[in-house]
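The next block holds one structure in the form of structure tokens; read it before the comments.
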Amino acid sequence: MGKYNQSSVTEFVLLGLTGYPELEAIYFVLVLCMYLVILLGNGVIITVSVCDSHLHTPMYFFLSNLSFLDICYTSSSIPLFLSSFLTSKKTISFSGCGVQMFLSFAMGATECVLLSMMAFDRYVAICNPLRYPIIMSKTSYVPMAAGSWIAGGVNSVLQTSLAMKLPFCGDNVINHFTCEILAVLKLACADISINIISMVVANVIFLVAPVLFIFISYVFILSTILRIPSAEGKRKAFSTCSAHLTVVIIFYGTILFMYAKPKAKDSSGADKEQVTDKIISLFYGVVTPMLNPLIYSLRNKDVKAAVKNILYIP
């Protein structure tokens, strides 16, 4: 039919927490504070990684990429999310929704691959320390990071283009804070089988495969640490990968909880579940990027020393 050749929807309405005005003010303050911490914390990580020569190592190169990624990811949605609280406008243009979806997909897929690259870095550092300078040379870790970004970008172009080509000729209300892909697909007035299949394949490549790679890496890492004779040696070896392991658990744990938790069957339970899903999505999209720089710097003497050098603190 002719109406399926072109979308008649020019903008989408983002419901967010509409219907829960008592929560809006609380979440506005919380999200604003967390966003400022994200910009400050990740900005510090990037600055010290670039300015301090002692941090010109593969681990901090990957970490600075992760920090830049978190800034881009949150900046693609949080400013719009905050502005919706200050104004009555809760809409986003069709093209703006596509851009937001693209950035969300690209950053999410890139982070999955990047975390697996960081796991490989820790594996080589602990299991093959003598060969570490050779294996993780600049000619290796720069292409690894670049490959993560390219893979995430290619996947995002595919998923976003498939979604935005769909006809949206009816309801334009997205029951979410942002243009979340599943919420958008529900509004399409055409078959979305190809979209679902492509997303399943992408999830296997960008979620399942990196998780398996990280798991196998840490099996070898743990095996190597347990063979270290001294308790002090074990502690030092584990401390070099504890921050990365914590970030991985938070990142993938939140995703697992989002999609593996049981669904409510009654209508009242479904309404409460939708609010819970939104809050969990907020945790995944805001809290995790806020925690990353804190986790990596809180007990990291190198980062603390680099910050003091930049600020000229004795």
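The backbone N, Cα and C atoms fix where each Cβ goes, and this holds for glycine too.
A quick note: this is a predicted structure, and the numbers were derived from the prediction, not measured.
What TrEMBL records for this protein:
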- 41-296: domain 'G-protein coupled receptors family 1 profile' (DOMAIN)
- 25-48: transmembrane segment (TRANSMEM)
- 60-82: transmembrane segment (TRANSMEM)
- 102-120: transmembrane segment (TRANSMEM)
- 141-158: transmembrane segment (TRANSMEM)
- 192-225: transmembrane segment (TRANSMEM)
- 237-259: transmembrane segment (TRANSMEM)
- 279-298: transmembrane segment (TRANSMEM)
Taking contact to mean three or more C-beta pairs under 8 angstroms, with sequence separation of 6 or more, is the transmembrane segment (102-120) in contact with the transmembrane segment (25-48)?
no
If one takes Cβ-Cβ under 8 Å and requires six or more residues beyond its ends, the residues near the transmembrane segment (60-82) are 14, 16, 28, 31-32, 35, 38-39, 41-43, 45-46, 49-50, 92, 99-100, 103-104, 107-108, 110-111, 114-115, 117-118, 121, 141-142, 145, 148-149, 177-178, 285-286, 288-289, 292-293, 296, 302
Stretch winning on C-beta pairs under 8 A with the transmembrane segment (237-259) (pool: 25-48, 141-158, 192-225, 279-298) is 279-298
Taking every residue in the domain 'G-protein coupled receptors family 1 profile' (41-296), the average pLDDT works out to 85
